């Protein structure tokens, strides 16, 4: 088993220039900001649910319409929670569709333009959704759904573009550990979003959206003026030229090129005409590449579980254990910490073994036990945080590997060296399929709750009005209360 060249003494520092460091940081924080804005919505669900439901029931049963003001959308917190879950599902479906489209666009347009446009436009949509509507006291279900569909499409420009840029700058040598560390951008974004939301949540949930949207918009401006999408833009050799001088021993996904003699001339990028020869492959060709469909389907199952934690973990902690919303937001960070450690360590191990699949398979098997253990977590913050970190290690780690390092491997196969503009398309296919799986999971969670929600809302309102009537007629004889209950029931 050969030790990867990037880990040999002195190789790591000599291989990367300051341009590599700048690209690493810019792409890292650009996607972190995109994920922070998504996490903000997850962290303020309790506050939004309270804002959209009546704060108190009217003491009079003669005018039941007045038990909530005109700005409340739902008669109960349960129905508000159901709508929030519907927004998650809408976002994931639009995000999945956008990933397929954004990957194709990213391989045909300047990646910097696409990424900057997506970040700035998404920031404006988030601002309108969470801040402007609250300032204007304008609440409308159709508007919320429309804005979140647009937000999903705009957010989808992020991941294919940043993975493609990283794939242009970092070759196969040590890609597992480099991309494993870099893929922590999503977890760092979750942590950043949780911290920003919890810091201003006391002033109102609209300020959580305002802060994250402002920071994301500023990040989009920086990306537009500062990101270099490939080494060729500043006259440096591309990664294909560097890999031409060393044996390609890191092939976790493909057994080898069938015609290496035909692919070898395409490695040279010393002349300008080579860059002009690069041609983006079609969507169908990208799907037919070895490993793309298999890893896409596996990622769909994995992302279903991962995004269940992403969307509902703070809400679950707050409602199941009775912890304050700000405390639940901060505690949920430990899941992302486990994902950061898991992605980096498992990427390092896969580089040493020069294989990805065995590491992923073992991690996912252990993830089953971690999920069972976390489902039985006691009402203790320390134990809950520990189990949460272990679960994030075995679920978030493989998720980061598939969406970053393995996607880069798939998009840089030897079979497409003559048409290497496939990285964004392949990344969009893998992540888009994963998002469809996550959306189906969210939708499946909502479907069986619809009838239960309707029954719960009706029985809760009926019981509340009965209780209010009890306070007003405590001296009514027992034999007359049946008629009174009938009257209240008829009003519902």
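Placed from the backbone N, Cα and C atoms, the Cβ positions cover glycine too.
Among the residue ranges 207-229, 230-252, the one that TrEMBL annotates as transmembrane segment is 207-229. Transmembrane segment is the annotation TrEMBL gives to one range among 270-291, 292-313, 314-335, and that range is 292-313.
In TrEMBL, the feature transmembrane segment is placed on 359-377, out of the ranges 340-358, 359-377, 416-434. Below 8 angstroms of C-beta separation, residues 19-20, 23-24, 27, 30-31, 34, 37-38, 87, 90-99, 101-103, 105-107, 111, 114-115, 117-119, 121-122, 125-126, 129, 178-179, 182, 185, 227, 229-231, 238-239, 403-404, 407-408, 411-412, 423-425, 427-428, 431-432 of the same chain, each at least six residues beyond the ends of the transmembrane segment (148-170), sit close to that stretch.
The stretch in 80-101, 113-136, 207-229, 383-402 that contributes the largest number of Cβ pairs under 8 Å to the transmembrane segment (292-313) is 383-402. Only pairs six or more apart in sequence are counted, and the transmembrane segment (113-136) with the transmembrane segment (383-402) gives fewer than three Cβ pairs under 8 Å, not enough to call it a contact. Ranked by Cβ pairs under 8 Å to the transmembrane segment (177-201), the stretches 12-34, 207-229, 383-402 are led by 12-34.
If you look at the transmembrane segment (12-34), the same-chain residues 6 or more away from its ends with a CB under 8 A from one of its CBs are 6, 115, 118-119, 122, 155, 158-159, 162, 165-166, 169-170, 173-174, 182, 184-186, 188-189, 192, 212, 215-216, 219-220, 222-223, 226-228, 231, 234, 236.
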